[in-house]
Amino acid sequence: MIPTILPTYNRAPLAFTRGTGVWLESEDGRRFLDMGAGIAVNALGHANPDLVAALTEQAQAVWHVSNLYTIPAQQRLADALVDATFADTCFFTNSGTEAMELAVKMARRHWFEKGQPERTRILTFEGAFHGRSSAAIAAVGTEKMTKGFGPLLPGFTQLAWGDHDALREAAAEPDVAAILIEPVQGEGGIRPVPDQCLKGLRDLCDEIGALLIFDEVQCGMGRTGRLFAHEWAGVAPDIMMVAKGIGGGFPLGAVLATEAAGACMVAGTHGSTYGGNPLACAVGAKVMEIVADEEFLAGVRSRAGRLRQGLEGLVASHPQVFEGVRGEGLMLGLKCRVAPADLVQAGHDEGLLAVPAADNVVRLLPPLNITLEEIGEALARLDRAAARIGTNAG
Ligand SMILES: Cc1ncc(COP(=O)(O)O)c(C=O)c1O
C-alpha cells in the first residue's frame, strides 16, 4: 500500500522535535549536531532569536496580503539585496525551483523583446542541479532526473565539466540565450568552478551577447564566506537565483537581475501568490541584515578555515574512508572511498547530521554561525563515525 506521504524520499528514521543553534533533538531525546542545516538552509541555526523575533513580530502584524499590494518587508529585502549585489531588481519566490523557472523565462523573454525570439537555448553543465520542475529537469537532462517525465522542455544543452572546446562550439550556435551555472555545484558533489572559468564564462557571454545566469541557491547567502560565491571570482552575472539560506528556514527564494536583463518582465509576465510574502520577507530581511555584514562574513571565513583544516586531518587519519576535502567556506565536501550513505549513517550513530551528494561526496553545510567549539565537536564525531566505518571495512 502506498504510504500516506508519497515515497519520493528515502528518509532516515529520525524525527526532530526541537532545535537550538547547531543542535537538533530527536523524539527519543538524542541530540544531533546539525552539519547539514536542512541542506544549506538554516543559515543562522535553529530557533535563532533574531529570526524568531522578526517572524513573530510580523506574524502578529500581517501574514499575507498578495502581490496586489505593496509589502514593506519585501521592499526592505529587495533594497538590501540590490544594495549588496550586482542586481538592480529582484522578484521573490518560495523556492529555488521557482527561481529557476523565472530565470529561464527571463532569459528567453529578454531575447524575444530584443527582436531575436530564436535565442532560446540555455547552456548548462554536467553535474548541475537546478530543481525538479519540468524546466529544471530538462536543464540537467540526465536519465535519473528526466526518465518517464517527457516530453521534455526543449532548448537546453548540457556540457561536460571543463570541456572548453565543447563550450565554445555550443556557444557559437546562433540560438544561445544564456549560460547557466552554479559557481559551486552542491548536489553534484561540492565542485567549485575555478575563478578563471567563471571569468571565462563572463567573457564568453559578453563576446556572444548571451546572458550569464548564476544559480546561487545553495552556494549563496554567505555559505562560501562571501555574500555570494561569484564574488570570489570578481565577476557578476546578469541574472542570479537565490533561495535556501536567504529565508533561514522559512521558504523564500529570489531572482536578482540587472536592469538590462530584468526589463523584459513587465506587468503580467510573471507572478506568484505567495512569493515575497510578509512573513518570509520579514525573516529574509533579518537574515540579510546579519549575513551581509562584512564582520559576520569574515567570521564565516575564519571558522571555515578551522573546519577545513580539521577535515584535512581527518582525511589523513582515515585514508581508507576518505579521499579528500573540497569546497569553499562552510560548503565543504568529504570525498569518500566508502558509500556516502554509510558515512551519513555512522554520523547518525554518533549524533551528527551530514548530507550525501553525487560523486561519492558527503556534504558539510553547517549553520554559518557555528562556533569553534562546535566545529571541534563535529570533527570529533566525524572522527568516531569514520572509525566505525574503518573498523567495519577492516
Ligand atoms: C543549486 C540549486 N538550485 C536549485 C535548487 C532547487 O531549490 P528548491 O529545492 O528550493 O526548489 C537546489 C536545491 O537543492 C539547488 O541546490
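Including glycine, each Cβ sits where the backbone N, Cα and C put it.
From a predicted model like this one, the values you see are computed outputs, not experimental measurements.
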Same pyridoxal 5'-phosphate site per TrEMBL - residue from F129, F149, F322 joining G96, T97, D215, E216, V217, Q218, T273: F129
K244 (N6-(pyridoxal phosphate)lysine): tally of other CB atoms within 10 A of its CB: 28
Around the Cβ of T97 (pyridoxal 5'-phosphate binding site), the count of other Cβ atoms that are within 10 Å: 19
Spatial neighbours of Q218 (pyridoxal 5'-phosphate binding site), counting only the recorded positions R132, K244, S272 and Cα distances within 10 Å: K244
C-alpha spacing of K244 (N6-(pyridoxal phosphate)lysine) relative to V217 (pyridoxal 5'-phosphate binding site), in angstrom: 6
DSSP state at T97 (pyridoxal 5'-phosphate binding site), helix/strand/coil: helix
Contacting binding-site residues for ligand 1, chosen from R132, V217, S272 when the Cβ sits under 6 angstroms of any of its atoms: V217
